[in-house]
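What Swiss-Prot says about this protein:
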type     : residues : note
REPEAT   : 1-37     : repeat 'WD 1'
MOD_RES  : 1        : N-acetylmethionine
REPEAT   : 40-80    : repeat 'WD 2'
MOD_RES  : 51       : phosphothreonine
REPEAT   : 83-122   : repeat 'WD 3'
CROSSLNK : 86       : SUMO3 cross-link
REPEAT   : 126-165  : repeat 'WD 4'
REPEAT   : 168-207  : repeat 'WD 5'
CROSSLNK : 215      : SUMO3 cross-link
REPEAT   : 218-257  : repeat 'WD 6'
CROSSLNK : 245      : SUMO3 cross-link
CROSSLNK : 261      : SUMO3 cross-link
REPEAT   : 268-309  : repeat 'WD 7'
CROSSLNK : 305      : ubiquitin cross-link
CROSSLNK : 305      : SUMO3 cross-link
CROSSLNK : 313      : ubiquitin cross-link
CROSSLNK : 313      : SUMO1 cross-link
């Protein structure tokens with residue numbers, strides 16, 4: 001892979017943030033310095049994801065996904081995927097980078113072949129409500145789709161079969177994630193609850209079976225994202241209550257609460273904690289929030305190690321990759 005010295009792709013740590021100010025910003029994670037800003041025209045950015053080979057970043061917005069080059073300083077998207085009628089809320093990649101998946105307010109999850117010169121989507125999974133989140137099972141063969149009616153759909157890409165479960169009717173599923181070991185799936189909803197399932201199957205032709213494990217009353221307000229740590233020992237949940245909470249997967253007890261609440265009684269809310277991403281060693285976490293900042297925290301102590309300031313509006317999504325490719 002050719003990386004130009006001084007580009008984002010040449011840095012072993014890639015940290016990108018985006019949101020409502022129509023920019024994607026790239027940061028030196030250790031120093032807090034913004035190294036590159038890309039103008040994302042026409043739309044806010046709802047989701048960011050770095051390709052597995054670290055060559056590009058996908059920014060999902062209103063009616064399109066734009067791919068920006070990490071190995072040059074080209075300010076323009078090198079590929080644009082269009083043809084979606086509403087906001088795209090979620091984006092991710094197959095581990096080999098062969099295809100991309102998205103989900104959005106047009107009630108569809110889509111698969112896009114990244115090797116094809118044709119920029120149309122190849123497969124569509126239609127549901128009956130706007131989609132908030134899509135995540136890929138580590139087996140690379142099942143997509144988990146969460147929608148605003150409260151349903152979670154498990155779309156088997158090999159057979160096109162799908163299963164559905166509704167943990168809490170009428171509470172919108174805002175985020176779902178499966179840990180890297182494929183032991184657990186978590187989902188959070190608009191009521192602030194986090195549901196966890198044990199996973200079995202999902203190998204060969206066996207479809208994944210979900211066995212309810214626990215319900216965590218994680219937040220008093222809207223929950224926005226859940227993410228397992230790379231070592232599968234932690235689960236983070238982010239919320240409109242201005243906190244990101246970190247739970248131990250050994251017993252799903254609370255380990256650390258990261259809060260952006262002001263200690264000054266007169267100060268109004270600093271806004272929602274929109275999203276998070278763990279470092280590769282699971283010892284740090286980066287959060288995105290609507291006070292225009294991203295922050296790097298120590299997971300164990302809850303201490304803020306770095307703040308990333310420069311966005312003019314809410315930061316609602318981020319992408320973090322500090323894995324060095326062999």
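Each Cβ is built from the backbone N, Cα and C atoms, and glycine gets one as well.
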**Report entry** Surrounding CB atoms that lie within 10 Å of the CB of residue 51 (phosphothreonine), all protein chains
**Finding:** 17
Requested in this report: Rounded to the nearest Å, what's the C-alpha distance separating the residue listed as 'phosphothreonine' and residue 313 (ubiquitin cross-link)? Just drop the number here, would you?
Outcome: 26
Report summary line: Taking DSSP helix as H, G and I and strand as E and B, the repeat 'WD 3' (83-122) has 0 helix, 19 strand, 21 coil
Report summary line: CB contacts under 8 angstroms to residue 215 (SUMO3 cross-link), restricted to the same chain and 6+ apart in sequence, sorted by sequence, are 167, 193, 194, 195, 196
Query raised in the report: Tell me which residues of the chain lie with their Cβ under 8 angstroms from that of residue 313 (ubiquitin cross-link), as long as they are six or more apart in sequence?
Result: 19, 20, 21, 292
Report task. Calculate the per-residue pLDDT averaged over the repeat 'WD 4' (126-165) and state the result as an integer. Result -> 96
Report task. Please report how many Å separate the Cα atom of residue 86 (SUMO3 cross-link) from that of residue 245 (SUMO3 cross-link), as a whole number. Result -> 31
Report task. Write out how many residues of the repeat 'WD 2' (40-80) are helix, how many strand and how many coil, based on DSSP. Result -> 0 helix, 17 strand, 24 coil
Report summary line: Same-chain residues at least 6 positions away from residue 245 (SUMO3 cross-link) with a Cβ under 8 Å from its Cβ, in sequence order, are 218, 219, 236, 237, 239, 254, 256, 257, 258
Report task. Calculate the distance in Å between the alpha carbons (Cα) of residue 261 (SUMO3 cross-link) and residue 305 (ubiquitin cross-link), and round it to a whole number. Result -> 17
**Report entry** Three-state composition of the repeat 'WD 7' (268-309), taking helix and strand from DSSP
**Finding:** 0 helix, 24 strand, 18 coil
Report summary line: One finds that other Cβ atoms within 10 Å of the Cβ of residue 261 (SUMO3 cross-link) number exactly 12
